[in-house]
């Protein structure tokens, strides 16, 4: 008779513990009910990226000194830097610079360690293509500004500014 009573007490304790766990889970579920949804309707709504978002790399050809620091700090040796030594001025002349975004892990080391700041991360994240070879960007494609910057009305070129007349 005594083992039957202890089994009944254990069963009751397990039932109370299970009900408490179910209640805790239910309270967590209810606490999420008053939050706004995180889901966005992608083609029609765009994500607002954070200030330090690491998207596509922007490259400024004129600033690059072909030092290859970006290649040395890259964990996968990704940037391809082609240069030619100008013997008369004893400096390197950059011929070609390319990055394959199909392989890039967007770690940002190349941007952080570049001595001339010719590399920067943009907020552009839409890099999908049907052919993986289209993800290999040369210096011309890397030099293009992202669409969010091009369409931003607050950024104007000097040619678009109103002319000031000096009279």
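Glycine is treated like the rest: Cβ placed from N, Cα and C.
All protein chains shown were included, and the count of other CB atoms within 10 Å of the CB of residue 114 ([4Fe-4S] cluster 1 binding site) stands at 20. Sequence annotations record features per position, and here Swiss-Prot assigns [4Fe-4S] cluster 1 binding site to 64, 67, 70, 114.
For the recorded site, residue 74 ([4Fe-4S] cluster 2 binding site), the DSSP three-state label reads coil. Under the heading [4Fe-4S] cluster 2 binding site, Swiss-Prot lists 74, 104, 107, 110.
If you look up Swiss-Prot, you'll see 55-84 marked as domain '4Fe-4S ferredoxin-type 1', on the strength of sequence analysis. This prediction places the mean pLDDT of the domain '4Fe-4S ferredoxin-type 1' (55-84) at 93.
Per Swiss-Prot, domain '4Fe-4S ferredoxin-type 2' is recorded for 95-124. Through the fold, the domain '4Fe-4S ferredoxin-type 2' (95-124) approaches residues 49, 53-65, 67, 69-70, 73-76, 78-84, 132, 135-139, 142, 145-149 of its own chain, all at least 6 residues removed from its boundaries and within a Cβ separation under 8 Å.
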Task = Count up the helix, strand and coil residues in the domain '4Fe-4S ferredoxin-type 2' (95-124) according to DSSP, in that order.
result = 5 helix, 9 strand, 16 coil
Query = Given the binding-site residues 64, 67, 70, which lie within 10 A of residue 110 ([4Fe-4S] cluster 2 binding site) by CA-CA distance?
reply = 70
Note = Listed in sequence order, the binding-site residues within 10 angstroms (C-alpha to C-alpha) of residue 114 ([4Fe-4S] cluster 1 binding site) out of 74, 104, 107 are none
Ask   = Of the binding-site residues 64, 67, 70, which sits closest to residue 107 ([4Fe-4S] cluster 2 binding site) by Cα distance?
value = 70
Remark   = Spacing of the two Cα atoms, residue 70 ([4Fe-4S] cluster 1 binding site) and residue 104 ([4Fe-4S] cluster 2 binding site), in whole angstrom, works out to 12
